[in-house]
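According to TrEMBL, the transmembrane segment annotation covers 6-25, 59-81, 115-135, 147-168, 204-222, 229-249, 269-287, 299-318, 382-408.
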Amino acid sequence: EVDWFSLASILFLLMFAPLIVYYFIMSCDQYQCSLTDPLLDLLTGNKHLSDIWNRTPTLTYRAAGIYSLWVTFQVVLYMSIPDFCHKFLPGYVGGVQEGAVTPAGVVNKYEINGLQAWIITHVLWFANAYCFHFFSPTIIFDNWIPLLWCANILGYAVSTFAMIKGYFFPTNAKDCKFTGNFFYDYMMGIEFNPRIGKWFDFKLFFNGRPGIVAWTLINLSFAAKQQELYGEVTNSMILVNVLQGIYVLDFFWNEAWYLKTIDICHDHFGWYLGWGDCVWLPYLYTLQGLYLVYHPVQLCTAHAIGVFMLGLLGYFIFRMTNHQKDLFRRTNGNCRIWGKKPEYIECSYVSVDGTKYYSKLMTSGFWGWARHFNYTGDLMGSLAYCLACGFEHILPYFYIIYMSILLIHRCIRDEHRCHSKYGKDWKRYTAAVPYRLLPGIF
């Protein structure tokens with residue numbers, strides 16, 4: 001059942017999330033990234049909504065062509081080129097991998113080749129920039145708003161198709177979820193793992209490609225535009241490119257591990273993932289680079305080093321926390337965390353068919369500090385991206401505000417699910433690890 005608060009939240013997001021993206025991008029294009037000036041103009045009558053809209057670049061054939069080629073290229077890389085990186089990169093897990101067991105008992109197989117797609121894409125990008133010169137490295141920035149309309153078209157098209165598919169020709173009918181509420185089903189999705197054919201998985205493709213592959217290309221295009229406009233690339237722009245590049249590379253290096261995360265294991269595929277991955281992710285996760293095109297910031301050495309160290313520390317905590325959990329799960333607790341055997345609480349749960357199972361929840365290492373300490377590292381990295389932009393405008397700090405809301409909400413969702421699953425055992429675990437994100441605080 002859909003409670004009134006969930007329905008109100010969903011209606012709010014469906015109505016206002018696209019407007020939020022447009023407002024941020026328009027503010028940079030027309031108001032030098034000021035979030036207050038457009039509102040002041042409207043409230044004082046200096047401008048009307050029609051004035052702002054008429055100054056907004058429209059969809060162009062050029063942008064439609066660029067975007068169509070981009071998505072098609074990523075589909076080809078995803079579907080047509082089996083992974084070869086795992087054959088020569090030690091420690092990298094690629095190729096055909098199995099996902100988690102779905103509620104209907106299905107175990108899907110995935111072709112993990114995101115790192116390969118990222119490498120091929122970026123090799124071609126740099127080859128063009130330095131050798132072939134088929135297009136300008138600033139091509140993304142120069143078509144940024146027309147490309148936004150293309151991304152919206154794809155986001156809504158794939159979300160609508162996924163809903164229709166869930167009703168009339170689902171990949172696995174037993175893994176469908178119908179609430180009876182049109183808006184909830186449209187946003188949160190009906191099908192658990194919608195697929196076309198054997199290998200094209202909607203969730204894996206749209207979560208990782210084309211949005212995350214594009215993330216670093218978008219930042220590179222912003223850096224190229226800064227070079228074109230001012231004759232240099234500032235250290236703040238370099239920091240944003242490097243720190244976010246590390247995050248993107250980590251995602252693709254651990255793409256097989258991603259199959260075990262909440263996005264793949266629990267979320268159904270609807271507007272939340274379809275439109276979100278096409279529009280929200282590439283347009284709002286890259287606000288720092290966009291802001292630095294309009295407001296180039298040259299940080300003092302101490303500030304730059306501090307930002308870099310914060311970003312690296314956040315990444316280290318994020319990666320090592322996830323590594324500890326993965327090692328603990330793979331070895332069933334027969335490993336060493338920080339030089340000693342890990343501590344844990346054994347929990348039991350009963351499946352739908354009445355079978356009793358047992359799980360182990362680690363209470364040592366980083367997981368003894370807080371129940372979601374990997375999110376803490378993620379937030380530290382997010383803050384570093386924002387701090388690289390200085391303190392003149394609030395716009396680049398949207399990312400840390402959004403990520404805080406997103407990850408705290410994920411904490412609550414995850415813990416609600418675990419409490420329902422483990423019952424009294426979950427209470428024992430929360431007593432042993434009382435903090436969610438910040439030891440001693442929250």
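Cβ coordinates come from backbone N, Cα and C, glycine included.
The recorded stretches the transmembrane segment (6-25) and the transmembrane segment (299-318) do not share 3+ CB pairs below 8 A when only pairs 6 or more apart in sequence are counted, and are therefore not in contact. Distant neighbours of the transmembrane segment (204-222): 70-71, 74-75, 77-78, 110, 114, 117-118, 121-122, 125, 137-141, 158, 237, 240-241, 244-245, 248, 251-252, 255, 258-259, 263-264, 269, 273-274, 277-278, 281-282, 285-286, 289-290, 292-293; these residues of the same chain sit at least 6 beyond its ends, with a Cβ under 8 Å from one of its Cβ atoms. Sequence-distant contacts of the transmembrane segment (299-318), counting only residues of its own chain at least 6 positions beyond either end whose CB sits under 8 Å from a CB of the stretch, comprise 234-236, 239, 242-243, 246-247, 250, 366, 373-374, 376-385, 387-388, 390. When each of the listed stretches 115-135, 147-168, 269-287 is scored by C-beta pairs under 8 angstroms to the transmembrane segment (59-81), 147-168 comes out highest. Counting same-chain residues at least six beyond the ends of the transmembrane segment (147-168), those with a Cβ under 8 angstroms from any Cβ of the stretch are 18, 21-22, 25, 58-59, 63-64, 66-68, 71, 140, 176, 185-186, 189-191, 194, 202, 206, 269-271, 274-279, 282-283.
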